[in-house]
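Listed features, source Swiss-Prot:
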type	residues	note
COMPBIAS	1-11	compositional bias 'Polar residues'
COMPBIAS	258-267	compositional bias 'Polar residues'
DOMAIN	45-119	domain 'Ubiquitin-like'
DOMAIN	138-216	domain 'BAG'
MOD_RES	Ser263	phosphoserine
REGION	1-27	region 'Disordered'
REGION	249-268	region 'Disordered'
Amino acid sequence: MMKMNTGTSPSVIGGGTSGNEWESRPGGMVVQRRTDQNSDVPRVFRVRVKYGSVYHEININSQSSFGELKKMLSDQVGLHHEDMKVLYKDKERDSKMFLDLCGVKDRSKLVVKEDPISQEKRLLAKRKNAAIEKASKSISDISFEVDRLAGQVSAFETVINKGGKVEEKSLVNLIEMLMNQLLRLDAIIADGDVKLMRKMQVQRVQKYVEALDLLKVKNSAKKVEVNKSVRHKPQTQTRFEQRDLLSFVEEEEEEPRNSNASSSSGTPAVVASKWEMFDSASTAKAAETVKPVPPRFKWEFFD
């Protein structure tokens, strides 16, 4: 190790010189000489701490704070360092205060007591932090689930915008799953940043639900158009099929007749049909002139 070289350099103060006020450090820097070389070295002393009826001796640095002393006593007295208060000269000392500045010396006596108010505050803060952590974890899980459902929304949107058709049941199920996530978000009670995170996720889920409602309307309109086209198409087919069937039957009936006539005469036969005309008015009058004939019975009389 390099040894520190000390030297003196004159300094003019009030027109005169004063020696032994400057010293040279190993790096060549000239600084003001310290009056006491060991004045900045912290001193370790032993203090006696009473908790209940038991005394504990603690070796601690003189420049330590009362908070550090509480942490050292925590394992020995069995209390959390935030649940205790330290008294010195019958006065409670703050955890941020230093021992030497408060007059604590070697073999000084301190008293430690349990602080129920601080304990209650610590437990409340612990519960609050646990609730915040739980809410944050729940929101993270919901966000992950919403990301997964958002992929399905994008897929349905692509299919419908390209002219395809999606089952309505699939859209309804996806809307229900998003609404379940919205109910989970509404059940979370949070403040501050966690509340802002919850609000962002709620707005996100609502946006996806609205998009699915629009896709549902488009999908229903396309379904109606497809049903109309399918309903008209079979009717035209059956009409043409019936017409073809009748023409086929007539041709089948005419072929045997033509073959029989040609075989008997040897010449092509001409079929002449005689149609008898009936007058609907004359038939109605004939029906009116016909009267029912009363029956004739032979009656035999007895005396």
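Any Cβ shown, glycine's included, is placed from N, Cα and C.
Across the domain 'BAG' (138-216), DSSP assigns 67 helix, 0 strand, 12 coil. Residue counts for the domain 'Ubiquitin-like' (45-119) by DSSP state, with H, G and I taken as helix and E and B as strand, are 22 helix, 29 strand, 24 coil.
Averaged over the domain 'Ubiquitin-like' (45-119), the predicted model reaches a pLDDT of 88.
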